[in-house]
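Structure, as structure tokens:
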Amino acid sequence: MMNQSITPPTHPPMSQRFRGYLPVVVDVETGGFNWNHHALLEIACIPIEMDDTGRLYPGEVTSTHVIPAPGTDIDPKSLEVTGIILDHPFRFAKEEKLALEHIFTPVRATMKKYKCQRAILVGHNAHFDLNFLNAAVTRTAYKRNPFHQFSVFDTVTLAGMAYGQTVLARAVQAAGLDWNAADAHSAVYDAEKTAHLFCTITNTWPLVVAG
């Protein structure tokens, strides 16, 4: 039998694409704007995956509603925006520490799959999501946070560079993607749209490797 040579991939693996970081889209819905005082109410995350050609695509979404942590506040106006009904019988909210474990478990599994060292949060106004995530980690004394504590990929910046748009709805549409305003302000929907936006931009502008 003739030996058949295997052509190596021409793209870097995920473990090298972002310096060992796995991009993970996170979107949170909250009881206000102050992460030190307002409650985390809903969180969704989507690890970014890579196909055999090096193109990025959104992985599976994981989400949960969150029981407001003791001592945190909720601005009623925030509930008007998100449409969250705290006592809805089908909300099935988890306590904050269990919610974090629920979200972080698939992140760690995807990191292992791609041999990445840490996760890096991708978000639209990403530091808002990261600050609420870090506040929850601190409140619960969670010890296995896979995310970098301060570095992010912000799709506001990326979309501004790529399309001249910074509002999520407008950026998504400028990228040629669908947007339904009625579904916005759900952590799952916003995370899905942010993930597709990030992948569209990243796949459109190929990696330039310094020679």
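The backbone N, Cα and C atoms fix where each Cβ goes, and this holds for glycine too.
Positions annotated as active site, proton donor/acceptor by Swiss-Prot, on the basis of sequence analysis: H185. Sequence-distant contacts of H185 (active site, proton donor/acceptor), defined by Cβ-Cβ distance under 8 angstroms and a gap of at least six in the same chain, are E29, V81, T82, G83.
For D190 (Mg(2+) 2 binding site), the same-chain residues 6+ apart in sequence whose C-beta sits under 8 angstroms from its C-beta are D27, A44, H124, L168, A184. For D27, E29, H185, D190, the entry in Swiss-Prot reads Mg(2+) 2 binding site, with the evidence type sequence analysis.
What Swiss-Prot lists as Mg(2+) 1 binding site is D27, and the listing cites sequence analysis. Counted within 10 Å of its Cβ, the other Cβ atoms near D27 (Mg(2+) 2 binding site) come to 30, all protein chains included. In this structure, D27 (Mg(2+) 2 binding site) is part of a beta strand by DSSP.
Marked as domain 'Exonuclease' by Swiss-Prot: 24-198.
The Cβ neighbour count for F33 (site 'Important for substrate binding and specificity'), using a 10 Å radius and every protein chain shown, is 12. Under the heading site 'Important for substrate binding and specificity', Swiss-Prot lists F33 (among others), citing sequence analysis as support.
Cβ neighbour count for F128 (site 'Important for substrate binding and specificity'): 17 (other Cβ atoms within 10 Å of its Cβ, all protein chains included). When secondary structure is read from DSSP and collapsed to three states, F128 (site 'Important for substrate binding and specificity') falls in the helix class. Sequence annotations record features per position, and here Swiss-Prot assigns site 'Important for substrate binding and specificity' to F128 (among others) based on sequence analysis.
Annotation comment: Swiss-Prot describes F150 (among others) as site 'Important for substrate binding and specificity'. Neighbour density for F150 (site 'Important for substrate binding and specificity'): within 10 A of its CB lie 10 other CB atoms from the protein chains shown.
Taking the mean position of the Cβ atoms of D27, E29, H185, D190 as the Mg(2+) 2 site, the remaining same-chain residues with a Cβ inside 8 Å of that point are V28, E42, A44, T82, A184, S186, A187, V188, Y189, A191.
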